[in-house]
(Lines of atoms letter the chains of each structure in order from A and count residues from 1; the text may use other names and numbers.)
(Lines give C-alpha, C1' and ligand atoms only; values in the text may rest on other atoms or scores of the structure.)
Protein backbone atom coordinates (compact mmCIF):
# COMPACT_ATOMS: atom_id res chain seq x y z
CA UNK A 1 0.00 0.00 0.00
CA UNK A 2 1.01 3.61 -0.35
CA UNK A 3 4.38 4.43 -1.81
CA UNK A 4 7.72 2.72 -1.90
CA UNK A 5 11.25 3.96 -2.47
CA UNK A 6 13.70 2.31 -4.81
CA UNK A 7 17.25 3.08 -5.76
CA UNK A 8 18.03 -0.16 -7.54
CA UNK A 9 17.54 -0.66 -11.24
CA UNK A 10 14.62 -2.60 -12.56
CA UNK A 11 13.22 -3.07 -16.01
CA UNK A 12 9.70 -4.28 -15.27
CA UNK A 13 7.66 -6.50 -17.50
CA UNK A 14 8.05 -6.91 -21.21
CA UNK A 15 5.70 -6.07 -24.02
CA UNK A 16 2.16 -7.00 -22.91
CA UNK A 17 -0.19 -8.60 -25.38
CA UNK A 18 -2.41 -6.42 -27.44
CA UNK A 19 -6.17 -6.59 -27.76
CA UNK A 20 -8.36 -6.89 -30.80
CA UNK A 21 -10.65 -4.00 -31.76
CA UNK A 22 -12.18 -2.16 -28.81
CA UNK A 23 -14.96 -3.43 -26.59
CA UNK A 24 -18.37 -2.75 -28.01
CA UNK A 25 -17.10 -2.32 -31.56
CA UNK A 26 -19.69 -2.98 -34.26
CA UNK A 27 -19.57 -6.39 -35.88
CA UNK A 28 -21.47 -5.92 -39.13
CA UNK A 29 -20.13 -4.37 -42.25
CA UNK A 30 -21.17 -4.66 -45.88
CA UNK A 31 -18.79 -6.07 -48.48
CA UNK A 32 -19.05 -2.80 -50.37
CA UNK A 33 -17.85 -0.82 -47.34
CA UNK A 34 -15.05 -3.31 -46.78
CA UNK A 35 -13.74 -2.82 -50.32
CA UNK A 36 -14.09 0.95 -50.05
CA UNK A 37 -12.50 1.46 -46.64
CA UNK A 38 -9.91 -1.26 -46.26
CA UNK A 39 -6.40 -0.71 -47.57
CA UNK A 40 -4.66 -3.29 -45.44
CA UNK A 41 -3.08 -6.63 -46.25
CA UNK A 42 -5.44 -8.74 -44.13
CA UNK A 43 -3.19 -11.77 -44.34
CA UNK A 44 -0.34 -9.69 -42.96
CA UNK A 45 -2.51 -8.41 -40.10
CA UNK A 46 -3.74 -11.94 -39.30
CA UNK A 47 -0.20 -13.29 -39.27
CA UNK A 48 0.81 -10.45 -36.98
CA UNK A 49 -2.07 -11.15 -34.55
CA UNK A 50 -1.27 -14.85 -34.46
CA UNK A 51 2.40 -14.14 -33.86
CA UNK A 52 1.56 -11.71 -31.05
CA UNK A 53 -0.80 -14.16 -29.40
CA UNK A 54 -3.83 -11.92 -29.90
CA UNK A 55 -5.87 -14.59 -31.63
CA UNK A 56 -5.62 -18.33 -32.15
CA UNK A 57 -7.08 -20.84 -34.57
CA UNK A 58 -9.15 -23.73 -33.22
CA UNK A 59 -10.60 -26.68 -35.13
CA UNK A 60 -14.38 -26.95 -35.27
CA UNK A 61 -16.63 -29.80 -36.39
CA UNK A 62 -14.59 -30.80 -39.42
CA UNK A 63 -11.04 -30.84 -40.60
CA UNK A 64 -11.63 -27.80 -42.78
CA UNK A 65 -13.65 -25.93 -40.16
CA UNK A 66 -11.27 -23.52 -38.49
CA UNK A 67 -12.43 -20.76 -36.19
CA UNK A 68 -10.64 -17.58 -35.22
CA UNK A 69 -11.08 -16.63 -31.58
CA UNK A 70 -9.66 -13.80 -29.53
CA UNK A 71 -7.07 -14.63 -26.92
CA UNK A 72 -7.91 -13.62 -23.35
CA UNK A 73 -6.60 -10.10 -23.16
CA UNK A 74 -7.80 -6.72 -22.04
CA UNK A 75 -8.64 -4.30 -24.81
CA UNK A 76 -5.84 -1.79 -24.99
CA UNK A 77 -5.53 1.28 -27.13
CA UNK A 78 -1.88 2.07 -26.65
CA UNK A 79 -0.08 -0.92 -28.09
CA UNK A 80 1.37 -0.90 -31.56
CA UNK A 81 4.24 -3.12 -30.41
CA UNK A 82 6.17 -4.52 -33.38
CA UNK A 83 3.63 -3.39 -35.96
CA UNK A 84 5.73 -1.33 -38.37
CA UNK A 85 3.35 -1.16 -41.32
CA UNK A 86 3.25 2.61 -40.77
CA UNK A 87 -0.12 2.83 -42.44
CA UNK A 88 -0.33 6.46 -41.39
CA UNK A 89 2.42 7.27 -43.87
CA UNK A 90 -0.03 6.46 -46.68
CA UNK A 91 -2.89 8.40 -45.13
CA UNK A 92 -3.24 12.00 -46.26
CA UNK A 93 -5.61 13.65 -43.75
CA UNK A 94 -8.17 15.80 -45.55
CA UNK A 95 -8.02 19.49 -44.62
CA UNK A 96 -11.26 21.33 -43.94
CA UNK A 97 -11.24 24.21 -46.43
CA UNK A 98 -14.36 25.83 -44.96
CA UNK A 99 -14.46 25.32 -41.18
CA UNK A 100 -17.78 26.12 -39.54
CA UNK A 101 -17.08 29.09 -37.25
CA UNK A 102 -20.68 30.09 -36.48
CA UNK A 103 -20.62 28.93 -32.86
CA UNK A 104 -17.16 30.38 -32.29
CA UNK A 105 -18.15 33.79 -33.65
CA UNK A 106 -20.69 34.14 -30.83
CA UNK A 107 -18.40 32.91 -28.06
CA UNK A 108 -16.35 34.72 -25.46
CA UNK A 109 -13.12 32.98 -26.48
CA UNK A 110 -13.13 34.92 -29.75
CA UNK A 111 -13.03 38.17 -27.76
CA UNK A 112 -10.33 36.77 -25.46
CA UNK A 113 -8.03 35.77 -28.33
CA UNK A 114 -8.55 39.04 -30.19
CA UNK A 115 -7.75 40.98 -27.02
CA UNK A 116 -4.66 38.83 -26.33
CA UNK A 117 -3.38 39.42 -29.87
CA UNK A 118 -4.16 43.14 -30.14
CA UNK A 119 -6.91 42.69 -32.72
CA UNK A 120 -9.98 43.54 -30.66
CA UNK A 121 -11.91 46.45 -32.14
CA UNK A 122 -9.63 46.79 -35.16
CA UNK A 123 -10.95 46.94 -38.67
CA UNK A 124 -10.08 44.05 -40.96
CA UNK A 125 -7.38 46.02 -42.78
CA UNK A 126 -5.68 46.87 -39.48
CA UNK A 127 -5.84 43.24 -38.32
CA UNK A 128 -4.03 42.04 -41.44
CA UNK A 129 -1.11 44.46 -41.25
CA UNK A 130 2.23 42.91 -42.12
CA UNK A 131 5.14 43.09 -39.71
CA UNK A 132 6.89 45.95 -41.63
CA UNK A 133 3.61 47.87 -41.62
CA UNK A 134 3.30 47.42 -37.86
CA UNK A 135 6.86 48.68 -37.41
CA UNK A 136 6.08 51.69 -39.59
CA UNK A 137 3.06 52.51 -37.43
CA UNK A 138 5.16 52.30 -34.30
CA UNK A 139 7.76 54.66 -35.80
CA UNK A 140 4.98 57.14 -36.53
CA UNK A 141 3.84 56.97 -32.91
CA UNK A 142 0.55 55.29 -33.73
CA UNK A 143 1.07 52.48 -31.21
CA UNK A 144 -0.11 52.65 -27.62
CA UNK A 145 2.33 54.84 -25.64
CA UNK A 146 4.84 54.61 -28.49
CA UNK A 147 5.47 50.86 -28.18
CA UNK A 148 3.81 47.57 -28.95
CA UNK A 149 1.24 46.37 -26.43
CA UNK A 150 1.37 42.79 -25.15
CA UNK A 151 -1.33 41.86 -27.64
CA UNK A 152 0.53 43.48 -30.52
CA UNK A 153 3.68 41.62 -29.51
CA UNK A 154 1.77 38.35 -29.72
CA UNK A 155 0.49 39.38 -33.14
CA UNK A 156 4.04 40.15 -34.25
CA UNK A 157 5.21 36.72 -33.09
CA UNK A 158 2.58 35.09 -35.30
CA UNK A 159 4.78 36.14 -38.25
CA UNK A 160 7.67 34.09 -36.84
CA UNK A 161 6.23 30.63 -36.29
CA UNK A 162 8.78 27.80 -36.12
CA UNK A 163 9.63 26.66 -39.63
CA UNK A 164 13.13 25.17 -39.50
CA UNK A 165 14.78 22.17 -37.88
CA UNK A 166 17.33 23.38 -35.34
CA UNK A 167 18.20 20.26 -33.30
CA UNK A 168 17.72 16.51 -33.46
CA UNK A 169 18.38 13.80 -30.90
CA UNK A 170 18.00 10.20 -32.04
CA UNK A 171 16.97 7.25 -29.87
CA UNK A 172 17.10 3.54 -30.55
CA UNK A 173 13.35 3.14 -29.99
CA UNK A 174 10.11 5.14 -30.22
CA UNK A 175 9.84 8.52 -28.50
CA UNK A 176 6.56 8.65 -26.60
CA UNK A 177 6.44 11.85 -24.55
CA UNK A 178 8.14 15.23 -24.61
CA UNK A 179 7.16 18.33 -22.61
CA UNK A 180 8.66 21.61 -21.44
CA UNK A 181 8.61 22.56 -17.78
CA UNK A 182 6.36 25.46 -16.77
CA UNK A 183 9.27 27.93 -16.81
CA UNK A 184 10.74 26.51 -20.02
CA UNK A 185 14.13 25.76 -18.46
CA UNK A 186 13.89 21.97 -18.77
CA UNK A 187 12.61 19.66 -21.47
CA UNK A 188 11.73 16.07 -20.53
CA UNK A 189 11.58 13.22 -23.03
CA UNK A 190 10.39 9.65 -22.45
CA UNK A 191 11.29 6.83 -24.82
CA UNK A 192 10.28 3.20 -25.25
CA UNK A 193 13.80 2.22 -24.18
CA UNK A 194 12.61 2.96 -20.59
CA UNK A 195 14.87 6.01 -20.37
CA UNK A 196 13.74 9.50 -19.39
CA UNK A 197 16.05 12.24 -20.65
CA UNK A 198 16.26 15.78 -19.29
CA UNK A 199 17.53 18.71 -21.39
CA UNK A 200 18.79 22.08 -20.19
CA UNK A 201 16.95 24.79 -22.16
CA UNK A 202 18.30 27.89 -20.41
CA UNK A 203 19.90 30.72 -22.39
CA UNK A 204 18.80 29.31 -25.75
CA UNK A 205 20.47 25.94 -25.18
CA UNK A 206 19.09 22.47 -25.70
CA UNK A 207 21.59 20.17 -24.01
CA UNK A 208 20.95 16.83 -22.36
CA UNK A 209 22.16 16.89 -18.77
CA UNK A 210 20.61 13.76 -17.26
CA UNK A 211 19.33 10.32 -18.29
CA UNK A 212 17.24 8.30 -15.85
CA UNK A 213 16.26 4.67 -16.16
CA UNK A 214 12.55 4.31 -15.37
CA UNK A 215 11.42 1.62 -12.93
CA UNK A 216 8.70 -0.99 -13.24
CA UNK A 217 8.02 -0.23 -16.90
CA UNK A 218 5.72 -2.47 -18.92
CA UNK A 219 6.28 -1.99 -22.65
CA UNK A 220 6.87 1.79 -22.47
CA UNK A 221 6.53 4.93 -20.40
CA UNK A 222 3.08 6.25 -21.39
CA UNK A 223 2.93 9.70 -19.80
CA UNK A 224 5.07 12.15 -17.83
CA UNK A 225 4.49 15.32 -15.79
CA UNK A 226 6.50 17.84 -13.79
CA UNK A 227 5.71 18.71 -10.18
CA UNK A 228 4.75 22.40 -9.72
CA UNK A 229 8.02 23.23 -7.94
CA UNK A 230 10.02 21.86 -10.88
CA UNK A 231 12.18 19.64 -8.67
CA UNK A 232 10.59 16.27 -9.50
CA UNK A 233 8.79 14.54 -12.33
CA UNK A 234 6.27 11.72 -12.52
CA UNK A 235 5.80 8.94 -15.06
CA UNK A 236 3.31 6.15 -15.68
CA UNK A 237 3.33 2.88 -17.58
CA UNK A 238 1.75 -0.57 -17.61
CA UNK A 239 2.09 -0.81 -13.87
CA UNK A 240 0.09 -0.51 -10.65
CA UNK A 241 2.30 2.42 -9.72
CA UNK A 242 2.87 6.00 -10.75
CA UNK A 243 6.50 6.86 -10.05
CA UNK A 244 7.99 10.15 -8.90
CA UNK A 245 11.70 10.90 -9.23
CA UNK A 246 14.04 13.78 -8.40
CA UNK A 247 15.52 15.99 -11.13
CA UNK A 248 18.45 17.47 -9.21
CA UNK A 249 20.95 16.01 -6.77
CA UNK A 250 23.18 12.98 -6.73
CA UNK A 251 21.51 9.70 -7.57
CA UNK A 252 17.94 8.93 -8.51
CA UNK A 253 15.30 8.24 -5.89
CA UNK A 254 12.17 6.67 -7.35
CA UNK A 255 9.07 6.72 -5.15
CA UNK A 256 6.24 4.43 -6.29
CA UNK A 257 2.69 5.63 -5.65
CA UNK A 258 0.53 2.51 -5.31
CA UNK A 259 -2.90 2.94 -6.93
CA UNK A 260 -4.11 -0.51 -5.78
CA UNK A 261 -6.19 -1.27 -8.89
CA UNK A 262 -8.65 -4.13 -9.18
CA UNK A 263 -7.46 -5.15 -12.66
CA UNK A 264 -4.66 -7.66 -13.12
CA UNK A 265 -3.32 -5.91 -16.21
CA UNK A 266 -3.31 -2.22 -15.42
CA UNK A 267 -2.01 0.91 -17.13
CA UNK A 268 -2.23 4.62 -16.43
CA UNK A 269 -2.45 6.37 -19.80
CA UNK A 270 -2.55 9.96 -18.54
CA UNK A 271 -1.41 11.79 -15.40
CA UNK A 272 -1.72 15.32 -14.00
CA UNK A 273 -0.51 17.01 -10.81
CA UNK A 274 -2.47 19.56 -8.76
CA UNK A 275 -1.05 23.09 -8.51
CA UNK A 276 0.02 22.56 -4.89
CA UNK A 277 1.71 19.27 -5.79
CA UNK A 278 -0.32 17.33 -3.25
CA UNK A 279 -2.63 15.28 -5.46
CA UNK A 280 -1.78 13.16 -8.49
CA UNK A 281 -4.57 12.39 -10.95
CA UNK A 282 -4.48 9.39 -13.26
CA UNK A 283 -6.70 7.94 -15.99
CA UNK A 284 -6.49 4.18 -16.47
CA UNK A 285 -7.47 1.30 -18.73
CA UNK A 286 -10.12 0.07 -16.26
CA UNK A 287 -12.33 3.09 -16.96
CA UNK A 288 -11.48 4.72 -13.63
CA UNK A 289 -10.03 7.99 -12.40
CA UNK A 290 -7.48 7.67 -9.60
CA UNK A 291 -6.46 10.32 -7.08
CA UNK A 292 -3.34 9.77 -4.97
CA UNK A 293 -2.68 12.07 -1.99
CA UNK A 294 1.07 12.51 -1.53
CA UNK A 295 0.72 13.89 2.00
CA UNK A 296 -1.40 10.97 3.17
CA UNK A 297 0.73 8.64 1.05
CA UNK A 298 -2.25 6.67 -0.23
CA UNK A 299 -4.85 6.44 -2.94
CA UNK A 300 -7.84 8.49 -1.83
CA UNK A 301 -10.23 8.03 -4.76
CA UNK A 302 -11.06 5.44 -7.40
CA UNK A 303 -13.91 6.81 -9.51
CA UNK A 304 -15.72 4.75 -12.16
CA UNK A 305 -15.74 7.48 -14.78
CA UNK A 306 -16.00 6.04 -18.30
CA UNK A 307 -17.34 2.94 -20.02
CA UNK A 308 -13.93 2.13 -21.47
CA UNK A 309 -10.28 3.22 -21.19
CA UNK A 310 -9.63 6.68 -19.74
CA UNK A 311 -7.02 8.08 -22.12
CA UNK A 312 -6.80 11.69 -20.96
CA UNK A 313 -7.01 13.72 -17.74
CA UNK A 314 -6.30 17.40 -17.03
CA UNK A 315 -6.92 20.07 -14.41
CA UNK A 316 -8.97 23.05 -15.60
CA UNK A 317 -6.89 25.78 -13.92
CA UNK A 318 -4.48 26.48 -11.06
CA UNK A 319 -7.18 25.96 -8.44
CA UNK A 320 -7.15 22.22 -9.31
CA UNK A 321 -10.79 22.00 -8.24
CA UNK A 322 -12.25 21.34 -11.70
CA UNK A 323 -10.84 18.51 -13.78
CA UNK A 324 -11.49 16.90 -17.15
CA UNK A 325 -11.39 13.30 -18.35
CA UNK A 326 -11.80 11.71 -21.76
CA UNK A 327 -12.07 8.10 -22.82
CA UNK A 328 -12.81 5.59 -25.53
CA UNK A 329 -16.54 6.16 -25.04
CA UNK A 330 -16.00 9.45 -26.97
CA UNK A 331 -17.26 11.51 -24.01
CA UNK A 332 -15.37 14.26 -22.20
CA UNK A 333 -16.51 14.62 -18.60
CA UNK A 334 -16.15 17.55 -16.20
CA UNK A 335 -15.67 16.84 -12.49
CA UNK A 336 -15.61 18.94 -9.33
CA UNK A 337 -12.90 17.63 -7.02
CA UNK A 338 -14.85 18.87 -3.97
CA UNK A 339 -17.86 16.67 -4.74
CA UNK A 340 -16.18 13.52 -6.10
CA UNK A 341 -17.24 10.40 -4.20
CA UNK A 342 -16.56 6.75 -4.89
CA UNK A 343 -20.09 5.73 -3.88
CA UNK A 344 -21.68 8.38 -6.12
CA UNK A 345 -19.40 8.95 -9.15
CA UNK A 346 -21.33 11.69 -10.91
CA UNK A 347 -19.63 14.35 -13.06
CA UNK A 348 -20.97 17.89 -13.02
CA UNK A 349 -21.43 17.67 -16.78
CA UNK A 350 -20.37 16.04 -20.03
CA UNK A 351 -19.26 17.22 -23.46
CA UNK A 352 -20.34 15.11 -26.43
CA UNK A 353 -19.77 15.42 -30.16
CA UNK A 354 -16.83 13.16 -30.99
CA UNK A 355 -17.58 10.01 -32.96
CA UNK A 356 -14.70 7.92 -31.63
CA UNK A 357 -12.44 7.68 -28.60
CA UNK A 358 -10.69 10.72 -27.14
CA UNK A 359 -6.88 10.51 -27.10
CA UNK A 360 -5.88 13.73 -25.29
CA UNK A 361 -7.26 16.78 -23.47
CA UNK A 362 -5.61 20.16 -22.94
CA UNK A 363 -7.09 22.97 -20.85
CA UNK A 364 -6.75 26.62 -21.82
CA UNK A 365 -6.03 27.23 -18.14
CA UNK A 366 -9.04 29.46 -17.45
CA UNK A 367 -11.45 26.77 -16.15
CA UNK A 368 -13.71 27.40 -19.14
CA UNK A 369 -12.22 26.18 -22.40
CA UNK A 370 -10.52 22.95 -23.40
CA UNK A 371 -9.62 21.00 -26.53
CA UNK A 372 -9.80 17.27 -27.14
CA UNK A 373 -8.09 15.13 -29.78
CA UNK A 374 -9.92 12.10 -31.08
CA UNK A 375 -9.64 8.96 -33.18
CA UNK A 376 -12.39 10.44 -35.35
CA UNK A 377 -9.52 12.53 -36.82
CA UNK A 378 -10.68 15.84 -35.32
CA UNK A 379 -9.87 18.27 -32.54
CA UNK A 380 -12.83 19.91 -30.82
CA UNK A 381 -12.96 23.13 -28.80
CA UNK A 382 -15.33 23.13 -25.81
CA UNK A 383 -16.84 25.60 -23.36
CA UNK A 384 -17.72 23.90 -20.06
CA UNK A 385 -20.61 26.31 -19.63
CA UNK A 386 -22.25 24.50 -22.58
CA UNK A 387 -22.78 20.93 -21.43
CA UNK A 388 -24.26 18.37 -23.79
CA UNK A 389 -27.77 17.03 -23.57
CA UNK A 390 -28.66 13.37 -23.10
CA UNK A 391 -29.38 13.24 -26.82
CA UNK A 392 -25.87 14.42 -27.60
CA UNK A 393 -24.26 11.95 -25.21
CA UNK A 394 -26.25 9.07 -26.62
CA UNK A 395 -25.34 10.07 -30.19
CA UNK A 396 -21.62 10.08 -29.33
CA UNK A 397 -21.81 6.77 -27.48
CA UNK A 398 -23.65 5.15 -30.36
CA UNK A 399 -21.19 6.50 -32.92
CA UNK A 400 -18.23 5.19 -30.90
CA UNK A 401 -19.89 1.80 -30.43
CA UNK A 402 -20.47 1.43 -34.16
CA UNK A 403 -16.80 1.96 -35.02
CA UNK A 404 -15.49 -1.33 -36.41
CA UNK A 405 -11.93 -0.47 -37.34
CA UNK A 406 -8.79 -0.46 -35.21
CA UNK A 407 -6.82 2.77 -35.37
CA UNK A 408 -3.63 1.01 -34.29
CA UNK A 409 -3.00 -0.79 -37.58
CA UNK A 410 -5.85 -0.05 -39.99
CA UNK A 411 -6.39 2.83 -42.37
CA UNK A 412 -8.97 5.49 -41.57
CA UNK A 413 -12.32 4.50 -43.13
CA UNK A 414 -13.44 6.92 -45.81
CA UNK A 415 -16.71 7.45 -43.99
CA UNK A 416 -14.68 9.04 -41.18
CA UNK A 417 -13.61 11.77 -43.62
CA UNK A 418 -17.18 13.01 -43.91
CA UNK A 419 -17.84 16.40 -42.39
CA UNK A 420 -20.69 15.28 -40.18
CA UNK A 421 -21.95 16.90 -36.98
CA UNK A 422 -23.75 14.62 -34.56
CA UNK A 423 -27.09 15.63 -33.03
CA UNK A 424 -26.48 17.47 -29.76
CA UNK A 425 -22.80 18.25 -30.52
CA UNK A 426 -22.06 21.10 -28.09
CA UNK A 427 -18.53 21.90 -29.28
CA UNK A 428 -17.65 25.44 -30.36
CA UNK A 429 -15.33 24.43 -33.19
CA UNK A 430 -13.98 21.38 -35.02
CA UNK A 431 -10.48 21.27 -36.53
CA UNK A 432 -9.60 18.86 -39.36
CA UNK A 433 -6.28 18.35 -41.12
CA UNK A 434 -4.22 15.94 -39.00
CA UNK A 435 -4.23 12.17 -38.61
CA UNK A 436 -4.78 10.20 -35.39
CA UNK A 437 -3.54 6.64 -35.84
CA UNK A 438 -1.39 4.08 -34.02
CA UNK A 439 -1.27 5.79 -30.59
CA UNK A 440 -2.74 8.46 -28.30
CA UNK A 441 -1.61 11.55 -30.20
CA UNK A 442 -1.59 14.84 -28.27
CA UNK A 443 -2.80 18.36 -29.08
CA UNK A 444 -2.33 21.59 -27.11
CA UNK A 445 -3.05 25.31 -26.95
CA UNK A 446 -0.12 27.52 -27.95
CA UNK A 447 1.49 29.53 -25.09
CA UNK A 448 -0.12 32.63 -23.61
CA UNK A 449 3.02 34.75 -23.36
CA UNK A 450 4.31 34.53 -26.92
CA UNK A 451 1.17 33.79 -28.95
CA UNK A 452 -1.85 34.86 -26.88
CA UNK A 453 -3.09 31.25 -27.31
CA UNK A 454 -4.21 32.03 -30.85
CA UNK A 455 -3.07 28.64 -32.15
CA UNK A 456 -3.83 24.97 -31.55
CA UNK A 457 -1.12 22.47 -32.51
CA UNK A 458 -1.10 18.70 -32.74
CA UNK A 459 1.00 15.70 -33.58
CA UNK A 460 0.02 13.66 -36.62
CA UNK A 461 0.16 10.03 -37.72
CA UNK A 462 1.84 11.12 -40.97
CA UNK A 463 4.91 12.46 -39.14
CA UNK A 464 3.93 16.13 -39.07
CA UNK A 465 3.35 18.87 -36.55
CA UNK A 466 0.13 20.62 -37.56
CA UNK A 467 -0.65 24.16 -36.36
CA UNK A 468 -4.20 25.55 -36.59
CA UNK A 469 -5.45 29.10 -36.21
CA UNK A 470 -7.86 28.82 -33.29
CA UNK A 471 -10.38 31.36 -34.61
CA UNK A 472 -10.49 30.42 -38.29
CA UNK A 473 -9.81 26.69 -38.05
CA UNK A 474 -7.36 26.84 -40.95
CA UNK A 475 -3.99 25.08 -40.96
CA UNK A 476 -1.32 27.79 -40.79
CA UNK A 477 1.80 25.62 -40.52
CA UNK A 478 2.94 22.04 -41.09
CA UNK A 479 6.36 20.89 -39.93
CA UNK A 480 7.55 17.79 -41.77
CA UNK A 481 10.59 15.46 -41.80
CA UNK A 482 9.60 12.70 -39.36
CA UNK A 483 9.31 9.21 -40.84
CA UNK A 484 6.64 7.95 -38.43
CA UNK A 485 3.81 9.36 -36.34
CA UNK A 486 4.44 12.33 -34.04
CA UNK A 487 2.91 11.32 -30.70
CA UNK A 488 3.71 14.39 -28.60
CA UNK A 489 4.36 18.07 -29.23
CA UNK A 490 5.39 20.86 -26.86
CA UNK A 491 5.74 24.61 -27.47
CA UNK A 492 8.24 26.57 -25.36
CA UNK A 493 6.24 28.81 -22.96
CA UNK A 494 8.23 31.96 -23.84
CA UNK A 495 10.09 31.30 -27.10
CA UNK A 496 9.07 30.42 -30.65
CA UNK A 497 10.25 26.82 -30.42
CA UNK A 498 8.34 23.56 -30.80
CA UNK A 499 9.66 20.10 -29.93
CA UNK A 500 8.17 17.02 -31.61
CA UNK A 501 8.54 13.46 -30.29
CA UNK A 502 8.11 10.77 -32.92
CA UNK A 503 7.91 7.02 -33.27
CA UNK A 504 10.79 7.21 -35.76
CA UNK A 505 12.99 7.57 -32.66
CA UNK A 506 13.74 11.24 -33.22
CA UNK A 507 13.29 14.23 -30.96
CA UNK A 508 13.27 17.43 -33.03
CA UNK A 509 13.43 21.08 -32.07
CA UNK A 510 11.80 23.50 -34.51
CA UNK A 511 12.52 27.23 -34.54
CA UNK A 512 12.07 30.19 -36.85
CA UNK A 513 14.53 30.81 -39.65
CA UNK A 514 14.27 33.58 -42.24
CA UNK A 515 13.75 31.80 -45.54
CA UNK A 516 14.80 34.57 -47.91
CA UNK A 517 16.91 37.70 -47.89
CA UNK A 518 16.23 40.72 -50.02
CA UNK A 519 18.83 41.41 -52.68
CA UNK A 520 19.53 44.88 -51.26
CA UNK A 521 20.64 43.29 -47.99
CA UNK A 522 23.21 41.00 -49.62
CA UNK A 523 26.87 41.93 -50.31
CA UNK A 524 27.54 43.11 -53.85
CA UNK A 525 30.21 40.43 -54.30
CA UNK A 526 27.71 37.64 -53.61
CA UNK A 527 27.41 35.41 -56.67
CA UNK A 528 23.85 34.35 -55.96
CA UNK A 529 22.18 37.15 -54.04
CA UNK A 530 18.79 35.46 -54.11
CA UNK A 531 20.07 32.29 -52.41
CA UNK A 532 19.40 32.13 -48.64
CA UNK A 533 22.57 32.53 -46.63
CA UNK A 534 23.52 29.60 -44.40
CA UNK A 535 22.44 30.10 -40.83
CA UNK A 536 24.12 28.40 -37.93
CA UNK A 537 21.96 27.28 -35.05
CA UNK A 538 23.62 27.64 -31.66
CA UNK A 539 21.57 24.77 -30.34
CA UNK A 540 23.00 22.30 -32.85
CA UNK A 541 26.32 22.47 -31.04
CA UNK A 542 24.68 20.69 -28.16
CA UNK A 543 23.46 17.68 -30.12
CA UNK A 544 24.03 14.88 -27.67
CA UNK A 545 24.54 11.18 -28.21
CA UNK A 546 21.96 8.85 -26.81
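Glycine residues also receive a Cβ, built from the backbone N, Cα and C atoms like all the rest.
Record note: among 79-100, 101-122, 79-100 is the stretch given as region 'Disordered' by Swiss-Prot. With respect to Cβ pairs under 8 Å, the repeat 'WD 7' (481-520) is most closely packed against 170-210, considering the stretches 170-210, 216-258, 263-302, 305-345. In terms of DSSP secondary structure, the repeat 'WD 6' (435-480) contains 4 helix, 20 strand, 22 coil.
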